[in-house]
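According to Swiss-Prot:
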- 1-25: region 'Disordered' (REGION)
- 42-62: transmembrane segment (TRANSMEM)
- 86-106: transmembrane segment (TRANSMEM)
- 116-136: transmembrane segment (TRANSMEM)
- 138-158: transmembrane segment (TRANSMEM)
- 173-194: transmembrane segment (TRANSMEM)
- 218-238: transmembrane segment (TRANSMEM)
- 270-290: transmembrane segment (TRANSMEM)
- 307-327: transmembrane segment (TRANSMEM)
- 334-354: transmembrane segment (TRANSMEM)
- 364-384: transmembrane segment (TRANSMEM)
- 395-415: transmembrane segment (TRANSMEM)
- 421-441: transmembrane segment (TRANSMEM)
Amino acid sequence: MEDEEEEARALLPGGSDEAGRETRAPPAASGALQALCDPSHLAHRLVVLLLMCFLGFGSYFCYDNPAALQIQVKRDMQVNTTKFMLLYAWYSWPNVVLCFFGGFLIDRVFGIRWGTIIFSCFVCIGQVVFALGGIFNAFWLMELGRFVFGIGGESLAVAQNTYAVSWFKGKELNLVFGLQLSMARIGSTVNMNLMGWLYSKVEASLGSAGHTTLGVTLMIGGITCILSLVCALALAYLDQRAERILHKEQGKTGEVIKLTDVKDFSLPLWLIFIICVCYYVAIFPFIGLVKVFFTEKFGFSSQAASAINSVVYVISAPMSPIFGLLVDKTGKNIIWVLCAVVTTLASHIMLAFTLWNPWIAMCLLGLSYSLLACALWPMVAFVVPEHQLGTAYGFMQSIQNLGLAVISIIAGMILDTRGYLFLEVFFIACVSLSLLSVVLLYMVNHAQGGNLNYSAKKREEMKLSHEE
């Protein structure tokens, strides 16, 4: 206890030495170091923020390894598109369940610090097993690796958000979430543009292409997961130290999951779920498969196709915080969701039925993808009571992962049997169903008072009137 008090005193500007004498004012360099070591100081929290951002970098970098190496995986492992897409399906399957229990495990079982470390270990182990599957030419081992990777990936994102809430409050929090999302998109972008180049370098070193080259490339990519694990360990130490010095509680997700709440979900909430699933199944499986489409239809090189494929994430990185601020300032969530879905539909139609430069469609897709996330997910909080938020978001993520798992397999089957045109028509149908759900949501919500489409000013007025 005396050591804790001494450490806390040492961080104060007027800290005293062992004899209780006043110490001299520290020089500028010493003052800066003191600020970095003080958990209550902004400089220290910025260090923590940097670690938080890199905590999920490895997971997002490695998630789309299959998309970046689509040609190489199918050729070296001698699998068709249906089997290739199982690498995405196996990631999603565990998260159909874990979306409900990730927060519970962090709050009640492991705690935020151990939970983050354990989920980071799952991500690392999963990526290593995935790479070993390539080295030993065992596709089933690659599937197992993706399953283990999936167990850690989504739950690690929950832990990342929990740390953010624990260290940052109020308006700071929106910026922190925006920065974390931007870093995630940077991870995906770097993967799309780096892994193909890395494969060619490994191929040159080993003398030939093949499953061994693929496995070694994936193993090198796994270094990013080790970086994330190091960040998890550093965060655990700094969080424990801050708890000891500032006497603050360990961060918790605050989620309360009650599956019985599902029966009370309103029609607008179910429509939001349908919009979410039908929209995202036309984004992530599409990104996983579209690289070969760009080389076959438009004649791009493999590296150029990767660059086009990554533009969705490139745009999302800076635009997500900007669109988040825009939606916060204007309100009108349904209108913004409608704009995002219509733009996405236009992008898929362009890619399917025209020979226009695909950069146009993919840039539009990047903008609409960023806008939808900022406008759709906050709407859940407007249609369910606060005590049901954990269940609602858990259920939304669960059926999203279920949809991604099923549609990934279906998309692979369509591509194997019918080709890219039919696949694009399938994605257009999914987005059209999402668009129909947005229109229905607008009509239902309008009949119930229209709170989802209030302007920001009207929401503030309603909030003030309720407080009075």
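Cβ from N, Cα, C; glycine included.
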Contact call for the transmembrane segment (138-158) against the transmembrane segment (42-62), three or more Cβ pairs under 8 Å: yes
Cβ contacts the transmembrane segment (116-136)/the transmembrane segment (218-238), at least three under 8 Å, sequence gap 6 or more: yes
Leading contact stretch, 173-194, 270-290, 364-384, 395-415, 421-441 vs the transmembrane segment (42-62) - CB distance under 8 Å: 173-194
The transmembrane segment (86-106) in contact with the transmembrane segment (395-415), cutoff 8 A, at least 3 CB pairs, sep 6+: yes
Candidates 218-238, 307-327, 395-415; stretch with most C-beta pairs under 8 Å toward the transmembrane segment (270-290): 395-415
When counting Cβ pairs under 8 Å to the transmembrane segment (364-384), the leader among 173-194, 218-238, 334-354, 395-415, 421-441: 334-354
The transmembrane segment (334-354) versus listed stretches 173-194, 218-238, 307-327, 395-415, 421-441: most Cβ pairs under 8 Å: 421-441
Recorded stretch that, among 218-238, 307-327, 395-415, has the most CB pairs under 8 Å to the transmembrane segment (173-194): 307-327
Cβ contacts under 8 Å made by the transmembrane segment (218-238) with residues that lie 6+ beyond its boundaries: 39, 44, 47-48, 51-52, 54-59, 61-62, 65, 69, 113-114, 116-117, 120-121, 123-124, 127-128, 130-132, 134-135, 156, 163, 187, 191, 195, 198, 202
